[in-house]
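A.B. asks: Dumping what TrEMBL says about this protein:
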- TRP48, GLU68, HIS71, GLU172, ASN175, ARG177: chlorophyll a binding site (BINDING)
- ARG73: chlorophyll b binding site (BINDING)
- 1-19: signal peptide (SIGNAL)
Amino acid sequence: MALKVAILLPLAAALKVSTGPPAREMAPTLPKAMEMAGIGLETGGQIWDPAGFATFSDESLTWFRACELKHGRVAMLASAGWMANGLHLAWPGTIDYTTPFSDLAALPPFEAWEKVPLGGKLQILAWAFCVELYSEMQKPHYLKGGDFVTYDWAKQADGKSPAELLRKQNAELKNGRLAMIGILGFFASANIPGAVPMVPH
């Protein structure tokens with residue numbers, strides 16, 4: 001028995017799986033995060049950051065917020081376009097001098113996209129590239145102290161009190177977040193039957 005123990009103990013020690021160093025405690029939330037828009041009743045009046053994005057650095061936090069705004073704005077446009085297609089709304093005229101926009105509006109969104117000529121798709125991508133380039137070329141850059149809430153073509157910030165501007169910023173963030181979830185739901189519903197409950201197929 002003693003011999004077995006003498007043999008097995010070193011073997012067990014050799015095979016012991018290391019658990020590695022203890023998990024790093026999450027760094028405290030940056031003060032800047034608590035001053036940014038996006039905190040509301042939905043999050044209990046506190047910042048909702050389960051991934052710890054608001055603990056890295058002020059620069060990375062600004063970059064994450066700029067990404068959230070850009071993706072939210074794109075998702076809002078995409079969701080509006082998807083719903084317009086579902087309602088069969090169309091511009092007057094033709095898309096390629098022969099195909100009426102109304103013909104595309106009668107098709108499901110992905111099928112309508114396939115019917116768009118290559119030149120039209122390239123124009124859409126080029127426009128998106130120009131908007132992105134314009135926002136990145138602002139001086140000073142938003143990572144260097146500039147205002148990352150750019151492309152304020154509706155002049156939402158003009159003449160507004162800080163409280164009113166914060167309300168509009170929160171509204172944009174919340175609508176953008178909802179639109180990002182919504183457009184993913186549209187994609188899932190179009191590609192996976194039954195993926196979205198109560199959506200007929």
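Backbone N, Cα and C atoms are what each Cβ position is placed from, and that goes for glycine too.
Where the annotation comes from TrEMBL, it is an automatic prediction and has not been curated.
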A.B. asks: Give the number of CB atoms, excluding that of HIS71 (chlorophyll a binding site) itself, located within 10 Å of its CB.
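C.D. replies: 15, counting other Cβ atoms within 10 Å of HIS71 (chlorophyll a binding site).
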A.B. asks: Consider each pair of residues in TRP48, GLU68, HIS71, GLU172, ASN175, ARG177, all listed by the record as binding chlorophyll a, and report the largest Cα separation in Å as a whole number.
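C.D. replies: Farthest-apart Cα atoms in TRP48, GLU68, HIS71, GLU172, ASN175, ARG177 are separated by 18 Å.
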A.B. asks: Other than its own, how many Cβ atoms are within 10 Å of the Cβ belonging to GLU68 (chlorophyll a binding site)?
C.D. replies: 16
A.B. asks: Using Cα coordinates, what distance in whole Å links ASN175 (chlorophyll a binding site) and the residue listed as 'chlorophyll b binding site'?
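C.D. replies: Approximately 9 Å lies between the Cα of ASN175 (chlorophyll a binding site) and that of the residue listed as 'chlorophyll b binding site'.
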